[in-house]
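Annotated in Swiss-Prot:
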ACT_SITE  GLU94  active site, proton acceptor
DOMAIN    100-339  domain 'Radical SAM core'
DISULFID  CYS107-CYS344  disulfide bond
BINDING   CYS114, CYS118, CYS121  [4Fe-4S] cluster binding site
BINDING   GLY168, GLU169, SER200, SER222, LEU223, HIS224, ASN301  S-adenosyl-L-methionine binding site
ACT_SITE  CYS344  active site, S-methylcysteine intermediate
Amino acid sequence: MTTEKINLLDFDRKGMRQFFAEELGEKAFRADQVMKWIYHFGVDDFDNMTNINKKLREKLQHKCEIKAPTVAEAQHSSDGTIKWAMKVGDQDVETVYIPEEDRATLCVSSQVGCALECKFCSTAQQGFNRNLKVSEIIGQVWRAAREIGLQKETGRRPITNVVMMGMGEPLLNMKNLIPALEIMLDDLGFGLSKRRVTVSTSGVVSGLDQMTGKIDVALAISLHAPNDKLRSEIMPINDRWDIQDFLASVRRYIASSNANRGKVTVEYVLLDHVNDDMGHARELAELMKDTPCKINLIPFNPYPGSPYKKPSNSRIDRFQKTLMQYEHTVTVRKTRGDDIDAACGQLVGDVIDRTKRTAALKAARGAETIDVKAV
């Protein structure tokens, strides 16, 4: 019988030091050295850790491994975006690299599928299987950094920002999200600025309250409707925590945060003739008057079987200008990677659906839905 090895990617600095002390009988500085090899140099072979003595390397090889998700498939967009299908166990999640002139952002998944049922999101149509482990969250960053490193000759920009906006609702995976964020921020890990790591939530108030005062990163909220009636129709989570509960929690978080500079980013996907008329814009402006924010409008990105459409450019423009009349800061997100289905709301993986959600959707809509495995 073989003992399963411990994946060192599952440990933040505190956990790594504790493991080294209790399981290996080693001092904290040895744990720190190994973390540097893993995250600063992308090393996954203990033999290549040249400042670690042979006895410890042998111990590590016997008990431990450094195992990140592997790339099952890579797709390259004409705009430079790369979408990777990352293998996690017997399923896939998607991770997206988005290069821009002054930065390169990595969009990271937190769940296999999604436990929520937002009506406009392709990931939600796949159902839900499980939360990702720490090693599977931070491992996406590790693997992407290595993939980009291998492409240095193409002049690709190193990862400067991470957004938890991939598959899944991050705040329903708090146990594994927090250590992964700690590694992203840690100087022994990826050493990213807290303003360059963003967590997006659809309104899990219990998770946001748990984050408050515990970890400081940029916050984005998926609002997508200016009133409870409409929001509950397109985002059922609103029946659990309504808009006012959600925004009160948001205000508590940004009051405790330096990363947000006193403001939250509001994400609002524009669905043609659903939530994009001028009345909705005025309602949204009024709703957000007591919550310092910048509003990011996201024109809907279509996917197979979706009942929604992208608004016309004129409707998008009118919506933005109406909000700006109320002195809100408003941007329209530039669509990136839509030619490889890597844009916002388009991410899908290889999900063994435990919720039976996909089967129900197929029965309701007909065959034109995203094909997934069902159990």
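Glycine is no exception: its Cβ is also placed from the backbone N, Cα and C atoms.
Structure with Swiss-Prot features highlighted.
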residue: CYS107; record: disulfide bond; CB count, 10 Å: 27
residue: CYS114; record: [4Fe-4S] cluster binding site; CB count, 10 Å: 28
residue: CYS118; record: [4Fe-4S] cluster binding site; CB count, 10 Å: 20
residue: CYS121; record: [4Fe-4S] cluster binding site; CB count, 10 Å: 26
residue: GLY168; record: S-adenosyl-L-methionine binding site; CB count, 10 Å: 30
residue: GLU169; record: S-adenosyl-L-methionine binding site; CB count, 10 Å: 26
residue: SER200; record: S-adenosyl-L-methionine binding site; CB count, 10 Å: 21
residue: SER222; record: S-adenosyl-L-methionine binding site; CB count, 10 Å: 22
residue: LEU223; record: S-adenosyl-L-methionine binding site; CB count, 10 Å: 26
residue: ASN301; record: S-adenosyl-L-methionine binding site; CB count, 10 Å: 23
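Cα proximity to CYS114 ([4Fe-4S] cluster binding site) (within 10 Å) is found for the following recorded positions from GLU94, CYS107, GLY168, GLU169, LEU223: GLY168, GLU169.
The recorded positions recorded for this entry are GLU94, CYS107, CYS121, and the Cα of CYS121 lies nearest to that of HIS224 (S-adenosyl-L-methionine binding site). Just so you know, the Cβ of HIS224 (S-adenosyl-L-methionine binding site) picks up 26 other Cβ atoms within 10 Å once every protein chain is counted. Its Cβ taken as reference, the residue listed as 'active site, proton acceptor' is surrounded by 25 other Cβ atoms within 10 Å in the chains shown.
The separation of SER222 (S-adenosyl-L-methionine binding site) from CYS118 ([4Fe-4S] cluster binding site), Cα to Cα, is 10 Å. Of the recorded residues, CYS107 (disulfide bond) and ASN301 (S-adenosyl-L-methionine binding site) place their C-alpha atoms 16 Å from one another. On a Cα basis, LEU223 (S-adenosyl-L-methionine binding site) lies 13 Å away from CYS121 ([4Fe-4S] cluster binding site).
For the S-adenosyl-L-methionine site listed in the record, the two most distant Cα atoms among GLY168, GLU169, SER200, SER222, LEU223, HIS224, ASN301 lie 19 Å apart. If you measure from the Cα atom of SER222 (S-adenosyl-L-methionine binding site) to that of the residue listed as 'active site, proton acceptor', you get 19 Å. Here the C-alpha separation of SER200 (S-adenosyl-L-methionine binding site) and the residue listed as 'active site, proton acceptor' works out to 16 Å.
The predicted model assigns the domain 'Radical SAM core' (100-339) a mean pLDDT of 94. In the three-state DSSP classification, CYS121 ([4Fe-4S] cluster binding site) falls within coil.
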